[in-house]
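Remarks on the structure that follows.
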Amino acid sequence: MIKTKRRLSAAVALSPLFLAMFAAPASAATVVDVHGHDTKALNSTYARAVAGIGVAAKAEDRHAEMLGLEGGSALEPLAVVDEADGTRHFRYQQTFRGIPVWGEHVVVTENGKGEVLNLFGRQVNGLAADLGAAKANLTAAKALSIAKAGERLARNMQVEREESRQMIHVDDKGYARLVYVVSFFADKVGGGEPRRPFVIIDAQSGNVIERWDGLTTATIGTGPGGNAKTGQYEWGSGGRYGYLDVAQSGSTCTMNNTDVKTVNLNGGTTSTTAFSYTCPRNTVKSINGAYSPLNDAHFFGGVIQNMYNAYMGVKALTFQLVMRTHYSSGYENAFWDGSKMSFGDGASTFYPLVSADVAGHEVSHGFTEQHSNLTYSGQSGGMNEAFSDMGGEATEYYWKGTNDFLVGPEVFKASGALRYMCNPTQDGGSIDNAANYYSGLDVHYSSGVYNKAFCTLAKTSGWDTVKAFKSFARANSLYWTPSSTFNSGACGVETAATDLGFVKADVTAAFAAVGVSCNGGGGGGGGGTPVALTNGVAVTGISGATGSDKLYTLDVPAGATGLKFVTSGGSGDADLYVKFGSAPTTSSYDCRSWASGNNETCNITTAQTGKYYVLVHAYSTYSGMSLTGSYSTGGGGGGGGTVLTSGVPVTLAAQATGTTSPNYTLVVPAGQSKVVFTISGGTGDADMYVRRGSAPTTSTYDCRPYLSGNSETCTFNSPTAGTYYVNVRAYSAFSGVSLKGTITP
């Protein structure tokens with residue numbers, strides 16, 4: 001909280017958003033994506049503003065000042081993650097007058113010098129105008145009663161873990177109001193109808209604003225495992241079939257250790273007692289074609305915890321994992337209820353739902369809830385489901401050394417699987433492109449967008465399931481927020497991959513394949529599935545309604561010159577946007593032509609090698625228009641440059657503010673352990689950009705440290721073989737700067 005008038009007056013000068021807040025309509029709150037900030041400018045402006053009063057002692061106050069939060073608003077710390085290099089990640093909940101703003105987190109990443117490197121999430125401005133002096137007319141207990149009444153709970157329903165919390169909710173039209181966010185877990189006596197309702201209730205009128213079901217579905221011990229489809233195997237027989245990690249007391253073995261406790265519900269719903277048996281071999285119990293779901297659940301629980309620890313450096317959950325088997329009778333599902341996993345025994349469609357990927361899926365819902373807490377509806381709900389599918393595949397890979405990108409084939413009695421990550425539409429309901437998303441689509445079906453992006457990335461040259469999972473899991477842990485969308489989530493994965501030294505452009509391409517772009521704003525990717533252009537061949541008869549988008553691509557070879565994109569003919573008014581490497585939007589592009597009518601031209605002076613994306617945006621309804629992309633081959637282009645020698649520095653020519661150095665290249669052979677690029681020394685402020693395969697730009701790169709001064713480093717661990725391009729841009733005029741690329745075998 002900003003505590004003095006002196007500090008508040010300084011904060012007013014910090015951010016354009018702070019000033020823009022007062023220009024917003026008085027009747028509506030304004031939601032701002034903080035990822036759009038220029039962090040270097042933010043650091044510089046803040047340093048000047050507090051030069052006379054000093055930096056705020058607490059990080060949350062400093063960051064609130066930087067973002068220009070209005071009076072009464074504050075950032076409440078939720079988590080801080082420290083990394084070995086001094087980087088710190090702060091996750092905050094925005095509050096207003098001490099009341100949390102529902103669904104909105106702000107994530108700030110700082111380096112060891114306290115400079116902001118990245119911002120994720122959304123802040124809400126203008127809350128005072130909407131809320132005034134509003135107070136709740138309802139009590140928390142009354143809101144809980146309203147929520148329960150709306151669920152029409154039968155008399156035989158058992159309810160537990162009730163929560164009713166006063167918060168501020170901002171609707172899709174930007175109107176803020178006081179609400180209660182109510183949740184609880186309910187199930188009938190004997191089980192079989194579990195649900196976890198979330199209900200948002202107006203704290204003044206008692207009206208229900210929104211509701212959804214948050215129930216997320218899908219070393220001495222020995223004994224049988226598997227089912228009729230997988231065949232029986234024996235735990236403790238060696239290889240990937242290791243011993244069950246159980247506690248032994250005399251001749252009694254209990255399925256309980258530091259990481260995992262396994263419970264036999266035996267057709268019930270409420271037990272929390274760890275299952276015990278006579279050592280060393282458990283044979284309890286064979287059911288519905290499976291040989292011992294208890295054994296499978298206990299072993300896979302350990303695999304999941306070990307997988308997260310190996311890949312992420314943390315356990316899947318911050319508390320002991322509880323695996324409850326034999327839930328209810330004939331229950332054909334598995335679920336995470338916010339505190340534990342429950343697995344049904346299946347019936348006619350499924351065997352008991354305990355397999356490595358299904359177990360990994362359910363536990364990964366717990367990982368999400370304890371980190372980004374993605375809301376289980378809308379696009380964030382699809383991301384939530386997809387991440388759990390990824391967690392299932394990572395579990396399978398960690399256990400077997402391979403995975404199939406199929407969800408639950410081992411427990412599905414028929415041929416096939418529940419979901420197909422590489423071909424989502426194969427299940428008959430899932431989508432595989434953000435252009436096909438619509439409000440209200442089941443989260444299991446909208447998961448196809450991120451599932452396909454994950455599969456595409458994992459199968460990209462230089463990648464595998466582990467690298468892809470690490471990138472998505474790090475984004476979930478550090479950069480996603482409850483309100484993340486397909487596009488904003490992609491920004492998080494790109495940043496995570498860059499943190500890990502992986503190739504950012506590969507992540508961008510994987511998301512482009514499903515119509516998602518980091519620069520695409522809050523919803524799906526613009527323009528749907530791209531249409532490929534052929535050099536010099538016009539696409540004719542193009543039309544579109546006001547506000548609609550159409551997306552095209554053109555593959556440009558090395559050495560191409562004279563690259564240009566032209567629209568012409570027809571009636572109406574269409575505008576042209578072009579970008580290399582990812583889909584442009586009306587606010588992010590390399591070239592924009594937006595004259596009146598349909599005659600637009602984008603000339604690309606120096607063509608890069610690779611894919612150009614072309615967006616045709618309907619300023620007003622148009623028809624009968626043609627589009628041509630063309631280039632000449634032979635000589636020029638391609639982004640070549642001076643060749644670096646590993647470990648040998650070169651001194652860059654001085655650059656004026658806003659100008660960019662020539663390109664430098666370093667050829668990295670296959671099988672190297674690391675490649676590091678550094679700039680250092682001199683005066684001014686230089687920014688380094690690195691990209692594999694073609695020259696980077698200020699909007700397309702694999703690494704951009706973007707720090708104050710001239711000391712910057714880009715590290716690529718286990719780098720993909722190829723030519724790496726480097727250039728250096730003058731944020732402010734620089735001279736005497738040294739550039740070096742070093743390959744470590």
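Quick reminder: no glycine exception, Cβ is built from N, Cα and C everywhere.
Database features (TrEMBL):
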type: SIGNAL; residues: 1-28; note: signal peptide
type: DOMAIN; residues: 81-121; note: domain 'FTP'
type: ACT_SITE; residues: Glu362; note: active site
type: DOMAIN; residues: 372-516; note: domain 'Peptidase M4 C-terminal'
type: ACT_SITE; residues: His444; note: active site, proton donor
type: DOMAIN; residues: 551-617; note: domain 'Peptidase C-terminal archaeal/bacterial'
type: DOMAIN; residues: 664-730; note: domain 'Peptidase C-terminal archaeal/bacterial'
Top of the active-site residues Glu362, His444 by count of other CB atoms within 10 A is Glu362
Counting only residues at least 6 beyond its ends, the same-chain positions whose CB falls under 8 A of a CB in the domain 'FTP' (81-121) are 31, 33-35, 37, 39, 42-43, 55, 59-60, 63, 66-67, 69, 72-75, 127-128, 131, 165-170, 178-179, 181, 200, 372-373, 375, 477-483, 488, 491-492, 495, 706-708
The residue listed as 'active site' and the residue listed as 'active site, proton donor', compared by Cα position, are separated in whole Å by 13
Per DSSP, the domain 'FTP' (81-121) contains 0 helix, 29 strand, 12 coil
